[in-house]
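Below is one structure, written out as structure tokens; the observations come after it.
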Amino acid sequence: MAGASVKVAVRVRPFNSREMSRDSKCIIQMSGSTTTIVNPKQPKETPKSFSFDYSYWSHTSPEDINYASQKQVYRDIGEEMLQHAFEGYNVCIFAYGQTGAGKSYTMMGKQEKDQQGIIPQLCEDLFSRINDTTNDNMSYSVEVSYMEIYCERVRDLLNPKNKGNLRVREHPLLGPYVEDLSKLAVTSYNDIQDLMDSGNKARTVAATNMNETSSRSHAVFNIIFTQKRHDAETNITTEKVSKISLVDLAGSERADSTGAKGTRLKEGANINKSLTTLGKVISALAEMDSGPNKNKKKKKTDFIPYRDSVLTWLLRENLGGNSRTAMVAALSPADINYDETLSTLRYADRAKQIRCNAVINEDPNNKLIRELKDEVTRLRDLLYAQGLGDITDMTNALVGMSPSSSLSALSSRAASVSSLHERILFAPGSEEAIERLKETEKIIAELNETWEEKLRRTEAIRMEREALLAEMGVAMREDGGTLGVFSPKKTPHLVNLNEDPLMSECLLYYIKDGITRVGREDGERRQDIVLSGHFIKEEHCVFRSDSRGGSEAVVTLEPCEGADTYVNGKKVTEPSILRSGNRIIMGKSHVFRFNHPEQARQERERTPCAETPAEPVDWAFAQRELLEKQGIDMKQEMEQRLQELEDQYRREREEATYLLEQQRLDYESKLEALQKQMDSRYYPEVNEEEEEPEDEVQWTERECELALWAFRKWKWYQFTSLRDLLWGNAIFLKEANAISVELKKKVQFQFVLLTDTLYSPLPPDLLPPEAAKDRETRPFPRTIVAVEVQDQKNGATHYWTLEKLRQRLDLMREMYDRAAEVPSSVIEDCDNVVTGGDPFYDRFPWFRLVGRAFVYLSNLLYPVPLVHRVAIVSEKGEVKGFLRVAVQAISADEEAPDYGSGVRQSGTAKISFDDQHFEKFQSESCPVVGMSRSGTSQEELRIVEGQGQGADVGPSADEVNNNTCSAVPPEGLLLDSSEKAALDGPLDAALDHLRLGNTFTFRVTVLQASSISAEYADIFCQFNFIHRHDEAFSTEPLKNTGRGPPLGFYHVQNIAVEVTKSFIEYIKSQPIVFEVFGHYQQHPFPPLCKDVLSPLRPSRRHFPRVMPLSKPVPATKLSTLTRPCPGPCHCKYDLLVYFEICELEANGDYIPAVVDHRGGMPCMGTFLLHQGIQRRITVTLLHETGSHIRWKEVRELVVGRIRNTPETDESLIDPNILSLNILSSGYIHPAQDDRTFYQFEAAWDSSMHNSLLLNRVTPYREKIYMTLSAYIEMENCTQPAVVTKDFCMVFYSRDAKLPASRSIRNLFGSGSLRASESNRVTGVYELSLCHVADAGSPGMQRRRRRVLDTSVAYVRGEENLAGWRPRSDSLILDHQWELEKLSLLQEVEKTRHYLLLREKLETAQRPVPEALSPAFSEDSESHGSSSASSPLSAEGRPSPLEAPNERQRELAVKCLRLLTHTFNREYTHSHVCVSASESKLSEMSVTLLRDPSMSPLGVATLTPSSTCPSLVEGRYGATDLRTPQPCSRPASPEPELLPEADSKKLPSPARATETDKEPQRLLVPDIQEIRVSPIVSKKGYLHFLEPHTSGWARRFVVVRRPYAYMYNSDKDTVERFVLNLATAQVEYSEDQQAMLKTPNTFAVCTEHRGILLQAASDKDMHDWLYAFNPLLAGTIRSKLSRRRSAQMRV
């Protein structure tokens, strides 16, 4: 056995004409035996390299030293294979590659010198070596067969008798072979050359008749080379038989790259079947011969699919069998063929791994003949045994006869044959035996045939072949042989043209003098030129050749009637004189070129300078000419065909859609019926209640107001409807993104919420059709769900409606379907041009909106000039820069100031303010004004609903602020009712310059823009009145570099207005809107996989890495928790949880294991554990003592999800979850701590997890992570609460001494703490106790909507999105935050304008209206954005002795609640805070008085009224501090809220008894771990004073909002106390400090305790105030600055 791998060579050819016309670039590089290919679509990608046995560079000319010629290819491959053949091995060479890559050139070559391919050179070299042999004892014989495999059919190219398709059979001894394939004996190279030429002619004739192309068929040229050696001494002759298979494979191109359709597509499918099977065979053989599988036993799955195609079946021995095989892969160098070339390289790379086991075929005949004779004997015995012996005798007689005698014998013995058939039918298996017998005897006869008989048979076949060609009119040589590549010198003739260049000009037909007839073989008269195939008539045409007086012969073509004959593309119906070079097409597939040598010679003599044609006159030229002359527009035909296909597709899609819709309706009806059954089963009482008639309830006027308020609220409620839109359309968004990624469109789609506000007005195309109808009745701005389209290619952002997305998605699907039929290169070419027809792109403007700014005009009422510096705010609430604008009143003839060279002077614009138009604008934008004036509650100002408990307490700041057109208008400080009362009187006397009917002129000057990012270039600004959309004033664009001085516009615009009531109202309340635009020149959009869920989070790369929050580990003993739907939140508690892992010590005690706290983040730490020691887990819960939270028992403690990474895949089922045995649980009572402590302990055997991570010593720098979940039952709760924590652990050996970390050493060194107090990990949690939602409540009914979240549905191509998901509920919460930010920015601008105007009036020593006085401003500030209209005294101050009426008390209480919500917008228990403040701080004041270090202050107490100036000081003045006592219900959905809080203030036992007797409602617990903020606002030491304590305590405080973490010292690593700043009230009073003589102090009040804190200095105290409550600190600093300015004026 001789094992050797397949020799693989690759060869790259030069560019062809098509590639040169398209300016193709070379993507192939060769160095030695290495071939490298470059991806033209991604040049930056690393080139792919392949290593082969030979890499032939034939891309350049022969002058190149690296050029590989035909000779070199043969020397490397052909000579080696020929040597193997002489050694007795089977040999195979096959060429592979796409059509036109140069396979046939490499294998066959051309007739010119040095252009012959491997086959001719190998045949010539074969006979050269035979002739050079001088050994008389050696004799050689060569036999040749030539076949073609086309569409899985085999044709014999050498024997004209074998016209049909030959059968491929398999013999148990010979293997696969072609039955009746002629093997012709040859004695010289000329014989082989003639046979190859004859075979190519036969191939050409057959291909032309059948309208085929050689590139779609495989050609196999077999040489059977026999060597006989006679040993004179022993008189024994030995033989070596070698089979040389030379294969020219069909093209490997894809159907889409050739445009194949119909029959061509079928042919391509069959070709690709052969090549695909060949690829499978090569891959399977390479897999078997690869390293890992080479020494393994052959499995049943190691199947080689040889039989899947004829080609691989016949080449079975050559592929991995008894053969020496070489493969030549032909490559195209052009970039347009990159995909096919890369496929060829990979094909060849797999082939080189195949190993063949070749053996020397020595003396095969003797053994073969013996085995065949044995088989014949066995088969005969079988037939005799079945009584069919006479059949064999008759068969032998028929086989031995000549063809003529056989026919006569058959005719004479018809009766006997029929009887034989009858006998065969009744003898099972006999027909197959006879067939095999015939087959075997035929092979025996072929093997026993002598060499002389083979030569005689070869000669007979040659004569038959030449006679057949002569009958067809093919020109012959004088000796009778066929003409090869030969051109007559005088006689006119026709040469064939073929699609395959190697088959063109292969057949030559003489046109004799006189008449030459062309037609079919079965014509009435004998035809001189015989053609066949479709559209060829029996008598097709006549060529008439006449000689005129010795001059050249004139050839005339006369078509017969009805025959399709074309000359130079024009159909010929009358005799036509032919000229040399004319193209003649007969029928549909026969293409010829007419050559007239004499005529051509005379033409050259007459016009010696005749130009050569620009392109070769070949088959393609003739076909193109035919289409042009016949007026056939292929493009139009293709479009028509495409239109028909589209219509058919549309019809079928409509039918499918209709059927799908019917099916959907059917399913929906079934689901609805099932849903009704479920509803009737689970909510029977709801249906019964609904069916019962309800009695009409008599409501009071107040109750009617509340009902009307609730109706309006729920009518415009949008939270759930927006969520339904997000859920229902998520699948469309995901599909659009998937198609965009697959088509490489560089466009991202994501949901976005848009609200119609001043900073973000909605464009008309985004408003739904019903927007105009409900605009007048809608009290709140409309919020819509839109799609944000981020065009990364052009750096543009567009907004689409959901309807537009669905429409575009249909077009995207059609584009995706069409993309499968278009080559990828064409798609990318089209992608470079953004056209209006692409559904992914929209037209984008050059300028993009940077942001908007607003300038109020109330200074024109006085009039004083003002210069504003206003913020430029984007639609997302981001401050993009600042704009300086000056507004002043001028006289009509006043000239503009001189600003130097940068002046932009505009003329005076005349604008009219129509009262009716402005009133319409006000009614459309602020429809709630009318309701407000009729006494409607201000609760109607709420915009954003649905934050659960927040809705129960009262309107939040974001709810009020978001309403940009409210009853008490949002301008607040500019237009509240109290200011109107103060303004109207003085203004009526002072508005001489604004008399009705007069012309008033004022000037708006756009001065400068600053702090605008450099990503916006060419900045310009335009401004207009807010209710006018038809015209705007614009500045000139300025270049923006982001550096240097501000951009100076200095644009002056004078505006003249006829004074009307609407104009005066406008400048009192409305601003001018300034819009800043710029050209955006960066593309900052991230890829889809980087899409963040919340744009508000800080970038995590700047902060330490934190562990992700895991979901609870599922319980093993408890039944599946069916969480009921939570209703309104009842209360919330902050939990501080300690986790300890205790290990068994030598003395029998369990000591907490050491915890490494390095990392600096709270609630983190690594347990350092010993291997193989018993352990216990201790969990301690700490929280404030409250009546609602009572722990009952620990139901289960489970641990699982053992891993070595912080992240975990929670979707997988963990088999190693372990439920721990609870050893103890209960309350503990540490000394000097009034908080509640609940502790439980469980035994943990880590070996029970059966995890290697827990059983072994942890490798260096690796950590083990585990998740713990505790299920704790609480009283009055429907289900257990779950506390979940991720542990980080490192296991050391049992006897290892753990080195204490730096933090632990510092802790021990201080001596202030025991080691056990630091060996714990903390966690901060929020416990929410919610009521169980009523099944029949509107909230439950809304939650039971059948709207499915489609974001989880699978979409084809979703895996390419790399984890991207559509935005969902979090988008609504983020948008609320954005709306609040926009509202706050708007309020800041109003307040800044108000303060600027007041300061301007004071500095100008003008009388300041009472509405702008400092005392009045304090009153306004205390009310936030809405103030009550309180009666004023003559001096303009509120009378402290005057009793407020009911409405005023309601407004005062509402203001208190609004202010507490403003400072702590997440705080939901403001009514409790008031009572807690009083009780706890009163206790603190008593403690202060008892402290001997404090001076006695008599009966002075620290009351909430004195320590909470933010609540009451602003409303009632600094001189009379008292707590408001509301005596009526507030305008709130819970009218008993505040009176109940007042009653709680009284420490009455009766009150407590009543509380105990109240029936306890079941609650739903929910515990969420709080993610610790990485941002430290402030840290340092503070002194604490709590009630019932002896004195001040010094603690280390770290503020990470919204929590403040308390430590015993700065060395302490364990959190001892946490303070939730979001629910705490921070209070500060200078008077209280002076009274108690405790400087630098402030108070923090929670629901359960009050704490007094003292800082080291005044500056330190203000820093702490800013860290605890930035808004309060800002208020204090503002008051201090006003106080200092007032003192300076005094």
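Using the three backbone atoms N, Cα and C, a Cβ is placed for every residue, glycine included.
Per Swiss-Prot, the residue from the list Ser242, Ser416, Ser1246, Ser1479 bearing the note phosphoserine is Ser416. Swiss-Prot lists coiled coil for one of the ranges 114-131, 366-383, 1392-1409, 1572-1589, namely 366-383. Swiss-Prot gives the label phosphoserine to one of Ser418, Ser1368, Ser1470, Ser1629, namely Ser418. Cβ neighbours of Gly102 (ATP binding site) (same chain, under 8 Å, six or more residues apart in sequence): Arg11, Arg13, Ser58, Ala330, Leu331. Note on the coiled coil (801-822): residues 256, 725, 729, 732-733, 735-736, 739-740, 742-743, 749, 765-766, 768, 784-787, 838-840 of its chain, located 6 or more positions outside it, place their CB under 8 angstroms from a CB of the stretch. Neighbours of Tyr105 (ATP binding site), defined as other CB atoms within 10 A of its CB across all chains, total 20.
For Lys103 (ATP binding site), the same-chain residues lying six or more positions away in sequence with a CB closer than 8 A to its CB are Ala95, Tyr96, Gly97, Asp248, Leu249, Gly251, Val328, Ala330. Predicted-model confidence for the coiled coil (366-383) is 76, expressed as mean pLDDT. With helix defined as DSSP H, G or I and strand as E or B, the domain 'PH' (1575-1673) counts 22 helix, 38 strand, 39 coil.
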